[in-house]
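Colleague: Taken from Swiss-Prot, the feature signal peptide applies to 1-17, supported by sequence analysis. Sequence annotations record features per position, and here Swiss-Prot assigns disulfide bond to Cys50-Cys63, Cys57-Cys77, Cys62-Cys91, Cys79-Cys89 based on experimental evidence. Feature annotation from Swiss-Prot assigns site 'Interacts with insect Nav channel' to Asp58, Tyr70, Arg78, Lys81, Phe85, Ser86, Asp93; the stated evidence is experimental evidence.
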Amino acid sequence: MKVFVVLLCLSLAAVYALEERLDKDADIMLDSPADMERAKDGDVEGPAGCKKYDVECDSGECCQKQYLWYKWRPLDCRCLKSGFFSSKCVCRDV
């Protein structure tokens with residue numbers, strides 16, 4: 001009987017720890033509810049005519065931030081190899 005009580009207590013402690021971890025991860029992944037109401041997917045912050053996520057760019061042309069997948073993401077121009085001698089630069093999250 002004592003073993004059963006100990007196992008029950010350990011399993012309850014594990015469930016509680018998992019719930020705390022999931023709550024913490026949810027807070028990290030999502031911005032505050034006020035930000036979610038104001039921003040919509042695709043909204044950007046930056047100078048007029050700045051490039052959005054996954055658009056070809058040169059250095060300094062990307063928007064500062066774009067709201068994607070429920071979070072503000074800072075953007076930067078990243079160059080990816082598209083061939084042996086060539087590369088393609090696109091705006092990606094930092």
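Think of each number as a place in line: the chain as shown, counted from 1.
Every residue gets a Cβ built from N, Cα and C, even glycine.
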Colleague: What are the non-local neighbours of Cys57 (disulfide bond), defined as same-chain residues 6+ apart in sequence with CB under 8 A from its CB?
Modeller: Lys51, Cys77, Cys89, Val90, Cys91
Colleague: List nothing but the one residue from Cys50, Cys62 whose Cβ has the fewest other Cβ atoms within 10 Å; the candidates are the disulfide-bonded residues.
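Modeller: Minimum Cβ neighbour count within 10 Å, taken over the disulfide-bonded residues Cys50, Cys62, occurs at Cys50.
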Colleague: Considering only the recorded sites Tyr70, Phe85, Ser86, Asp93, which residue has the minimal Cα-Cα separation from Cys62 (disulfide bond)?
Modeller: Asp93
Colleague: Which number gives the other C-beta atoms within 10 angstroms of the C-beta of Cys89 (disulfide bond), all protein chains shown included?
Modeller: 18
Colleague: In whole Å, how far does the CA atom of Phe85 (site 'Interacts with insect Nav channel') lie from that of Arg78 (site 'Interacts with insect Nav channel')?
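Modeller: That separation, Cα to Cα, works out to 16 Å.
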